[in-house]
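Here's the structure, in structure tokens; my notes come after.
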Amino acid sequence: MEHQLRRRSPVFDSVTPLGLTARYLTLLVVLAITVGPMLWELSTSLKSATEDVYTATPRLLPAHPSTAAYGQVSRTVPIAKFALNSLIVAVFCVGGNLVGATAAGYALARLEFRGRRLVLGLFLATLVLPGEVTVISQYQTVTRLGFGNSLLGVALPSMIGALNVLLMRNAFLAIPAELEDAAVLDGANVWQRLRYLGLPSAKGTLSVIAILTFIAAWDDFLWPLLVLQSPDKLTLTVGLSYLHSVFSADPRTMAAGTMIALVPVLVLFTALQRFFFRGVGEGAVKG
Amino acid sequence: MRSHRSYTPWLLVAPALLWLAVFNLWPALNTSVLSFTNVHTLSGGSFIGLRNYSLMWQDPHLRDAILNTLVFMAVCVPLLTFLPLLLALLVQRTLPFMGFFRTVFYFPVIASAVVVAMIWQWLLDDRGLVNGLAQQAGWIHSALPFLTDRWLLLFSAIALTVWKGLGYYMVLYLSALGNVRRELHEAAAVDGAGTVRRFWSVTVPGVRGTMALVAMLIAVNAMRVFAELYVLGGRTGGIGGQDVSLVMLIQQAASGADGRLGYASALSVLLFFLTVGPLLLLARWNRRED
């Protein structure tokens, strides 16, 4: 009895077949609610021009699947160019954060220097500052630096995030002090300790930062909407909202556009989800 | 022991510190300075004292924006504080397919708010899936104006915010649930406490810190809502602009070649105080808990 209890999950522990069935049924209902809208959008994008998308008797599977709507999107707006623009911005942001946050996080966690507490305090203070508050002045700064209406201008402010610096600091703090002392005794300098001791043990947090930074850059809307003006420089989200105003009359085209923005991040996330959930479990996001 | 040439740490910190200064600290200071000027996108402008702030209080859209935000918070905070916890409990246990469910429940989080709003606009259209199914089931006779009625539009935006947020807070709860002590559950179970009883007496107290954090995050995020209303409401925040949010007002003021950056900055300062308020409350709460 005692043994059996210990192996049971804390809450909602249903060892009975009935309980298990109820659990999986609930999960399936939630599944339908979370992915249902996305599947409906996918289905709409694949319906041919002759099929009534507004039908009063909704059909999830297209009667005559067609990719015509995707062709229509690319003829209306340069959607491949938009996707490339989003990719460029996201790569800048991921690269910048991996390098910048690693370096600063390591120094703040593992090196002693005058002013460390002050620097740490500044990063912490930044966390309470929502990006939307500073967006106007940032816009002015980026424009004055000469990066207005450019992809670099879109990427620039988020290339090193304060939160990522603190996450990396947490990850490096987790390295046992004895390990580092041994490395010091062996004559390893700061760079070697960061390379051979720090990076391997912070892999989980690094992958979480890479995944979240990529998604955030790919999905961002307000900032690129403010920075970008030229139609050929728009990122996918801004380009989509442009398509939206031009083409709101045709749900198929709109649906195809949203799928082009949605599917790449979903595929990327699914491919990397192991690292994500493991990294999160390592304490990267602490409650 | 960990002594070294003193420039190395600074070399490592320098890039991040530069970014912090240029893109966070300076804009924060500069926003408050700008809020006392009538700077436009292409012109320098001059100091005008509190004019922007007095203009703000006469702006009827600002009153709408604040009312919308309050309704947003009042509905989102309880829903998004409890539903993701239940979801986390459902996927927490090691059973077949749990990894799959976790991943898929996180999909709406990954999607851009713009994409989510477009998907929901299609669902909630007068001739969309929701109205179609409801009419077929005989619940309603004519289509509900989800996208054109002032309150229905706001509640649609709330619905998609909850939908998009579930997975995110589920993950926060998943890591917190690891800290709930199993012995307490066992003891309660031995004492005959049922599932519901143990949820309230063991699980909820065990994750209370995370709950407070989650509630504050939701409150702050409600203050920052933009893309959802921008897309659902057709760029203006619904008919007559009644469904505007604070960020939408900032964006509207700053947009265009003759954007009123000074006025937008004053709105940003207001946004700052409204968001930092809840965060300070959280900080105080945490200190008391410790």
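Cβ from N, Cα, C; glycine included.
Sequence annotations record features per position, and here TrEMBL assigns domain 'ABC transmembrane type-1' to B:66-282.
Sequence-distant contacts of the transmembrane segment (B:65-91), counting only residues of its own chain at least 6 positions beyond either end whose CB sits under 8 Å from a CB of the stretch, comprise 98, 101-102, 105, 154-155, 157-158, 161-162, 165-174, 177, 199, 203-204, 207, 211, 214-215, 218-219, 221-223, 225, 229, 243-246, 248-249, 274. Annotation comment: TrEMBL describes B:65-91 (among others) as transmembrane segment.
According to TrEMBL, the transmembrane segment annotation covers B:103-123 (among others). Under 8 Å from some Cβ of the transmembrane segment (B:103-123) lie the Cβ atoms of residues 87, 91, 129-130, 147, 156-157, 159-160, 163-168, 170-171, 226-228, 230-232, all in the same chain and six or more residues away from its ends.
The transmembrane segment annotation in TrEMBL covers B:151-174 (among others).
Annotation comment: TrEMBL describes B:207-227 (among others) as transmembrane segment.
The transmembrane segment feature in TrEMBL is assigned to B:261-283 (among others). Counting only same-chain residues 6+ beyond the ends of the transmembrane segment (B:261-283), those with a CB under 8 A from a CB of the stretch are 31-32, 34-41, 45, 48, 52-53, 55-56, 62, 69, 212-213, 216, 219-220, 223-224, 246-247, 249-251, 253-254.
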